[in-house]
Amino acid sequence: MSDAKAPAPTQGLTDSEIAPLQARYGRNEIVHDTRFRGLRILVRQFTSVLVVVLIVAMAAAFAMGEIVDAAAIGIVVVMNALLGFAQEWRTDNAIKSLRRMLSPTAHVIRGGQEKSIPATELVPGDLVLIEQGSRIPADMTLIEHAGLQVDESALSGESDHVDKTAGLGEPNLFMGTTVTTGRGKAIVTAIGALTKFGQIAGLTSTISERPTVLQIQMARLAMQIAILAVVIAGATVAIGYFTGRDLFVMVMTGLSLAVSLVPEGLPVVLTISLTLGATAMARQKALVRQLQAVETLGAATVICTDKTGTLTENRMTAVRIWTLGAEYQVTGTGSDPAGHITRNGRKCRAADDPELANLLETALLCNNARLEQAQNTWAMFGSPTEGALVTLAYKGWATLPTPERLVAENPFSSERKRMSMLVRTDDSFALHAKGAPEHILSVCNSAVIDQKTYPLDDELRSKIMASYHQMAENGLRVIGLAARAAQDGDTEERDMIFQGLVGLIDPPRPEVGAAIQACRAAGIQVIMITGDGPTTARAIAQQLGLPARIALTGAELEDMTDADLTEVLGRDVLFARTTPAHKLRIVTALQARGETVAMTGDGVNDAPALKRADIGIAMGQRGTDVARDSSDLVLLDDNFATIVGAIAQGRRQFENISKFARYLLSSNAGEAVALFGAILMGLPLIFLPSQILWINLVTDGISAVALGLEKAEPGQMQDPPRGRNATILGRTGLWMILLLGAYTGGASIWIFQSLLAEGEIIARTTTFTALVIFELAAVFAFRSFRVPCTSLGWLSNRYLFLAVLLGLGTQLAAIYWPPLQLLLRTQPIGWEHWQLVGLFTLPLIIVPELIKAILASRARSGKAAPAA
Ligand code: ATP
């Protein structure tokens, strides 16, 4: 415990002082060097294997005097770079704006008023309130403190917790460090680049841009395919050359093959899709700090959630008081002290009831919350539990007691589950304590009944516990209160006199019941892990429809072996009276069972569990900076229902990625089958490299992005979570790729061969057009792997519809617009050619629809599960 120091400037800066300081010192931020950002993004576009392959192709075509081909490839390279650039620029901006939403705030006192401001607006001289879990927003001198410890590892690299006492004008709190325990007030001495942190480091960003597992897998896949493509293409050229075929034709064939095999659009489409997913989640108040979270969320099998504030509203109101001599009811709601306390149906004032007066005094004095009246409303500053107790004290008081002074504080922590304050009135001292009833009883040795003090024997203890359980059974959060006379410096929590219990109501959030049912339907287990007592936890679980046959306390958990814990986690269980360390053990045990765990947390000590969980979820309102920094997802509204919404988004996202990956690869398969088939059959080159690039980047690229915007399929939240090792393509996907590839490739060869008599260019143009149309038609088959488009609605994804129209338009331009004709070596095709194309396109629409309709009707009649 540390002493709270002499009064310091309490009013803070005034508005007239702030403006000149802001003008002089600027904003409290460390500015990144963004001068070459554009150039850096542009250069990145030319570093992929694909571009290297294309540049080699361009050089080869150029060397052979095929200027038009070289130019066509060159244009594609530039277009690809520009497209990639535009997309990356947008992604960058989207991530930036998400990051801005996460930027920290600072609690300051300005002009005597406490307020929250963006940390970037701090100026030297500002009076800042700091508390457990907050990140120090600037360099500061501490002037008032209670048990303050700071983790300076961000600066020193060592994770020691440093005790902090008042600094003598010199800064002793540094930007970027975090408060592990205690509270304090400090004056800002330096901001932005002038801070110690600003001078030594490039600020760590709040959103990681680490690529996700999927992105890495995808990039690896693209790279492997690219290498394979180069090898196959090289071999084809070599074999062709040595068997006496024309070198130019063989080089072009090799290039076409290489280009056809590489899924050029895949990595870019994946990044766009993940970013769009993150933006959609942000709109639903779930901020993704790591793109990875978007894909992991969809696989979550267990959600471990706090109770207070996540499942409940965290709007506490005291409704009952119990002492060994009497019982009281309390009326009124919220922070408005307009209600009153009744005993046996009659209004009751502290002035007429000394025991009630003592209890209310502890409630008010052992407290860091404040009520303030502005016009006709009351505002509460501080934790809701404490605020409810201040409001309660106001309701019972005729006149407030003479000002008393806080001398020292043993702060509350989730581990201790109680707190105490040493208070001085005139020349006497008293130690007031409050906390979880059993944690208060453990430091009491007497109790007052009818103004007489009795030793706290077993009988009285069991009476108190019985009353505690009775309140808890009604879902009330119960706080025990105690006090004793003390001396200056006498802060040990011992020999306290028990005063009574207060029951607080904290209503469940109305939307949570439905969200829990949605989780059950989706095969996701929900486990409540709370610091509150087991009886209260159970009552709230029941009110929410959360099955919890077993309620284990933190102490019971500690006595369990890992094997027992693993076993019990498979049943309907909740955990109460836990500390943050228990959360870590629970996550670890769940992961050992093979679960994918989402875990919520708000306190500084929750950080290890949040990091350990597959998806760490921090609270945007209640949470500390430390918890937020350790999380993957931040809930802006602290609401459990938001997690479930985010999981639904995650599932949709994964499915959509799987859809466009299958789509793009099936298109590559079609091109490769056609090219190989044509070579084997001794036909001329079926597609030119530039035509294949056109298909992969222009027509398919646009429709793949649109496929990524597909809405959630009906029933998506009725399926069990996907397995941990589920691959993006899956077995069904591989079959789809092979079958579609075989069909579109085969059909292309047939068309090409049958039109060759009309001339190679006409045959090639028609086949090229056919493949584009095939892909545009086939995209509808990938919209869902089980629901036919007739049920989804053909136009329900209007982006896809527009993308298909756009693809069709660009293809018409490719064959009828002279500049593109020159570039892609096409000729206008006639009506009869279109008929041929149309004929081969029809099965691509009809067959998948038929298969899905049959599967769906079989699933409905219970004969088989629909294919996933
Ligand atoms: P959750 O983990 O679901 O958010 P919680 O907020 O109840 O639950 P803690 O903050 O660890 O968890 O609180 C545990 C217990 O400590 C509470 O049930 C209450 O009895 C007591 N308590 C909470 N806040 C205070 C406080 N400010 N002063 C004294 N006791 C408190």
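Note that Cβ sites are derived from N, Cα and C of the backbone, with glycine treated the same way.
Since the structure is predicted, the reported quantities are computational estimates derived from the model, not experimental observations.
Taken from TrEMBL as is:
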DOMAIN    2-66  domain 'Cation-transporting P-type ATPase N-terminal'
TRANSMEM  41-64  transmembrane segment
TRANSMEM  70-89  transmembrane segment
TRANSMEM  221-242  transmembrane segment
TRANSMEM  248-276  transmembrane segment
TRANSMEM  660-687  transmembrane segment
TRANSMEM  693-712  transmembrane segment
TRANSMEM  733-755  transmembrane segment
TRANSMEM  761-785  transmembrane segment
TRANSMEM  797-817  transmembrane segment
TRANSMEM  837-855  transmembrane segment
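Here the transmembrane segment (660-687) has long-range neighbours at 218, 236, 240, 249, 252-253, 256-257, 260-263, 265-266, 269-270, 273, 695-696, 700, 703-705, 707-708, 728-729, 733, 736-738, 740-746, 748-749, 752-753, 756, 760, 764, 767-768, 771, 774-775, 778-779, 782, meaning same-chain residues at least 6 beyond its ends whose C-beta is under 8 angstroms from one of its own. The recorded stretches the transmembrane segment (70-89) and the transmembrane segment (693-712) share 3+ CB pairs below 8 A when only pairs 6 or more apart in sequence are counted, and are therefore in contact.
Sequence-distant contacts of the transmembrane segment (761-785) (same chain, at least 6 residues past either end, Cβ-Cβ under 8 Å): 659-660, 662-663, 666-667, 670-671, 674, 684-688, 691, 694-695, 699-700, 703, 706-707, 710, 713, 732, 736, 740, 744, 747-748, 751-753, 755, 792, 794, 797, 800, 803-804, 807-808, 811, 814-815, 824-829, 833, 836-838, 840-841, 844-845, 848-849, 852, 867-868. Distant neighbours of the transmembrane segment (693-712): 54, 73, 76, 79-80, 83, 259-260, 262-265, 268-269, 272-273, 276, 648-649, 651-652, 655-657, 659-660, 663-664, 667-668, 671, 768, 771-772, 775-776, 779, 782-784, 796-797, 799-800, 802-804, 806-807, 810-811, 814, 824; these residues of the same chain sit at least 6 beyond its ends, with a Cβ under 8 Å from one of its Cβ atoms.
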